[in-house]
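Enquirer: Pulled from TrEMBL, these are the listed features:
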COMPBIAS  B:1-11  compositional bias 'Basic and acidic residues'
REGION    B:1-58  region 'Disordered'
COMPBIAS  B:43-58  compositional bias 'Basic and acidic residues'
DOMAIN    B:100-317  domain 'YjeF N-terminal'
BINDING   B:G132, B:V135, B:N139  Na(+) binding site
Amino acid sequence: MDRISVNRFSFRRKGSHKKNKEENAEPEFNFSTLSYISQDEAEKMNEELLSEYAFNEVQLLELAGYSSAVATAKCYPVEKMTRDNGAILVCCGPGYNGGVGLVCARHLKLFGYRPTVFYPVKSNMASICDSLSRQCESLDLPFLSYFPSESHLIQDSYNLVVDALFGFRFKPPVKDTFASVIETLKKVEIPICSVDVPSGWGAESASPDGLQPELLISIAAPKRCAKLFQGKFHYLGGRFVPRTLEQKFDLKLPPYPGTDCVVELKTQKSTEDEKPDDTGE
Amino acid sequence: MSDRKEKRSKSEGGIPPGNLGQFPNENNRSIPDIAANVPLMESARDGQRGTEKYHEKSEMAAGKGWGVAYYKQDYPERDLDDDVNPNDTLVQDVSSTAVLTPLDDDLVGEVKELEDRGNWTGRFDFLMSLLGYSVGLGNCYPVEKLTQGNGAVLVCCGPGNNGGDGLVCARHLKLFGYNPTLFYPKKPNKPLFDNLTKQCQGMELPFLSEFPTDVEVIQRSYSLVVDALFGFSFQPPVRPLFAGVIDTLKKVETPICSVDVPSGWNVEEGDPNGLQPQLLISLTAPKRCAKLFKGRFHYLGGRFVPRALEQKYDLQLPPYPGTDCVVELNTGNS
């Protein structure tokens, strides 16, 4: 039986063209001019993408989820994880943010991590999230049917937590099921990666009742609350915004490098030691 | 469209079950009905995806109760060994409302894989695999090195799903900094393709009203051609419009990048007189005809096959590096 062999040492090394690119690089993006959008703008942008630009939610969720996974992997390489072979807890809320989390979990599994999903409530987007969660199941991702009651249980079992509970549509306060989840997560000492908006925060302001993530992955454009983000790494993902939409909302965003689906937003103070590991690039 | 219905059933009949494109499965298993128990979403019934056939909604999705944490079983083995009437195994995408590229005609190497895809991954994977195509292209032909027309790329989209793939690919290419122009003469009259077209228009991609017949014009105006005319399920004859396009493309010196199968090739045997692309990006697994690919770059995209399936069908797929959505395959041709 013929096999196609993998040539990892092909003549054209991946990324070799980038050397030339750096020589001709455009002036670096000035992050003090970075745009942050309001909750209202975020909703309008989303609405336009779905109507005038004829995208559908599934496409956007997929691209957002993939970017979240890539950014997480860049900042927390699986080889460096100490517990249980790359075990990660992915917490998914009832709406779009939760949907992004499910996609993210799936990609993280393909990247070699071992995600466990917590997905207790699927209210707004039942049909879409049905299929997303089934996809996770078929990749053998376990689903927790109750949230660990104490933070030490989480930090003993997992290397990091992906927070996909609430997104830009959320308005405090947190209710019901999720109130205790967030309380517990606030006490964990392992890193938290939040998708788009740290859960418990509104889109426009931080909240002491919400989470303090180490990595924030802004989708499409950073929300205003990201100005108050105190963590280590801030990435932009969800590379699907058409130029005309960017112009309409006057978005000043750094260019994505080459074909990458994420770009680091250098808004956080970081030392050399903390810089994410760009493996393979 | 009835054409597509016929096409697909022909290819189902025509392809021995268990053939894996490049990696034939000796057992010739009959086509399993994997998705029989998979719940269906309401919106999936609205006919957006044309010729698919749907199953009744199951109770599987009906709430996981609170209780002890559980682990999902391994992907069900039991269904895969049943002998099933092939006519009952038309499992298409059951999992999304999506208006993504359906690829239901472009059976990826074989019907069983389609079912696998339809069962658990849905359209999302096609979105990602199309991202893969564009990334692969970006790796091989970095935009800053293209000489004609500021990264101008001519994307030729056929009348079926391969054409839909081309539309998605073009959109990503635009985001990556290329300047794609689309040739899309036969858009199927379906919301899916309407939306994909609209997305391209929203990205300011021009659509040619006719195909340039002059080889020189193409060579001068574009640095690359993306061939998204016909895919796996292509059955001759080619209608005259597209025959002319393929003839012209055979003569251009501009590098051609083919999506999944070089257009017009027989999926098993290729076509020595057909298009000779320089870059081929295979979806999920290479098709048998890829053995006859003589171009420079062969990539694999569509990083979504769960390991259980890979093992089950003995797909010898290379690992994807890190977080990449494409992996380069050795062609021995460069």
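Each position is counted from 1, following the chain as shown.
Including glycine, each Cβ sits where the backbone N, Cα and C put it.
The structure displayed is predicted, hence computed values, not measured ones.
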Enquirer: Using Cβ atoms only, which of the binding-site residues B:G132, B:V135, B:N139 are under 8 Å from chain A?
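Expert: Listed binding-site residues meeting the cut-off: B:V135, B:N139.
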Enquirer: Ten-angstrom check, please: count other Cβ atoms within 10 Å of the Cβ of B:V135 (Na(+) binding site), all chains counted.
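Expert: Result for B:V135 (Na(+) binding site): 24 neighbouring Cβ atoms inside 10 Å.
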Enquirer: Any idea what the model's mean pLDDT is for the domain 'YjeF N-terminal' (B:100-317)?
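Expert: Here the predicted model's pLDDT, averaged over the domain 'YjeF N-terminal' (B:100-317), is 82.
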Enquirer: Counting only residues 6+ apart in the same chain, whose Cβ is under 8 Å from the Cβ of B:G132 (Na(+) binding site)?
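Expert: When sequence neighbours closer than 6 are ignored, B:G132 (Na(+) binding site) has B:I281, B:Y299, B:G301, B:G302, B:R303, B:C325, B:V326 within Cβ distance under 8 Å.
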Enquirer: Measure from the Cβ of B:N139 (Na(+) binding site) and count the other Cβ atoms within 10 Å, all protein chains considered.
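Expert: The answer is 21 other Cβ atoms.
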